[in-house]
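Chemist: Encoded as structure tokens, here's the structure I'll be asking about.
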């Protein structure tokens, strides 16, 4: 019996030794297995990224209209349809560009993220403006940038006030009056920069006819760019609290933040940069076709170029701002909605317009700040109306409704307005 036990124990020990020698060989991964596993991981990551960015919103159903516009341009050359299809194709791209910027803000922090959000939010208008400048269509640049300001201040802000007021109809939503006052002051300064060249032109008081107006516009544009740089320094360094997330601000005050504020990025930093590059490149391609078809669409549809530039183009470019402003207002985050709408208008007026003047200067195009009397007066009245609405620091659905109706009046005015600078514009 003892021998049997000894033999059995020895046999058991031999099995353990054999197992210890064999097991590491069974679980050791091979190079082929690692490469296949990494390949599957990479493919699943790409699939997940495409699913989140492309298939997560119904608005992306309009994306196929972009390639369709290129096909229509190649085979038929009908400018009306090319323009319409380009409008539809750019709309989801502008919205996804804003989404990718918001995702990048998770990795850059609130300070740089706020700046990136404002910059890429207006990338569509700037891309269209640069292509129009390259084609010598300075008037289209002026009208599209003016329309972007009017759309953000009246339509986007009005829809945000209206949607937020309907959700929280039992109370008045509040926002930071100090930030709204600073933005209103910058918008009034932009109006001043546009007003003086127009007055100089229409009063015929130029020292050198045709040259003083352009020289004043370029000088004023440089001043406005300096002011905008100082404004960024003021916001990002002096008033950092404007960019502090609501969760951090609540934790400072000893208040538990809401559960829906605990947001995390849906895609990685590398994926965000790749999608930003893809969306910007695709918008640039469609913008070229869009600009080339503007005059033909105006003649085919018998619609004034002023209406196309001021009303139709900005609605496409402001798709991201429109969706974001309404979403934040319905979550009672009106300061963010105000920053999206008024902040975007401030950037277009103090950076976008002067930037296009300087780019036109470099290209040799006479882009100036004389937006004509009718357009300058419209902008001046709009800034005054919005400044009065913001002075109390509160909003409700009635204020939003009034802003929307004001935008409808502006749209109707430009539909019956014949632009004196358009040589081939249709008679209305």
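Yeah, the Cβs are placed from backbone N, Cα and C, and that goes for glycine too.
What TrEMBL says about a protein is an automatic prediction, not a curated fact.
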Chemist: Among 19-41, 111-133, find the range that TrEMBL records as transmembrane segment.
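Modeler: My reading of TrEMBL: the transmembrane segment range is 111-133.
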Chemist: Look over the recorded stretches 297-317, 338-363, 369-390, 397-416 and say which has the most C-beta pairs under 8 A to the transmembrane segment (215-234).
Modeler: 338-363
Chemist: Looking at 52-75, 297-317, 369-390, 397-416, which one has the highest count of Cβ pairs under 8 angstroms to the transmembrane segment (81-99)?
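Modeler: Answer is 52-75, with the largest number of Cβ pairs below 8 Å.
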Chemist: Based on Cβ pairs under 8 Å, which of the stretches 52-75, 145-169, 181-203, 273-291, 369-390 lies most in contact with the transmembrane segment (297-317)?
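Modeler: By the under-8 Å Cβ criterion, the transmembrane segment (297-317) pairs most with 145-169.
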Chemist: Checking distant contacts: for the transmembrane segment (181-203), what same-chain residues at least six beyond its ends satisfy Cβ-Cβ under 8 A?
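Modeler: Distal contacts: 149, 153, 212-213, 216-217, 220-221, 223-224, 227-228, 231, 342-343, 345-346, 349-350, 353-354, 368-373, 376, 379-380, 383, 386-387, 390-391.
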Chemist: Can you find at least 3 Cβ pairs under 8 Å between the transmembrane segment (273-291) and the transmembrane segment (52-75), where each pair is 6 or more residues apart in sequence?
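Modeler: When sequence-distant Cβ pairs are counted, the transmembrane segment (52-75) touches the transmembrane segment (273-291), since at least 3 lie under 8 Å.
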Chemist: Same chain only, please: residues at least 6 beyond the ends of the transmembrane segment (369-390) with a C-beta under 8 Å from a C-beta of the stretch. Say none if there are none.
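Modeler: For the transmembrane segment (369-390), the sequence-distant neighbours (Cβ-Cβ under 8 Å, at least 6 residues beyond its ends) are 142-143, 146, 149-150, 153-154, 157, 177, 180-181, 184, 187-188, 191, 193-198, 200-202, 213, 216-217, 220-221, 306, 310, 338, 342, 353, 357, 399, 402-403, 406, 410, 413, 417, 419-421.
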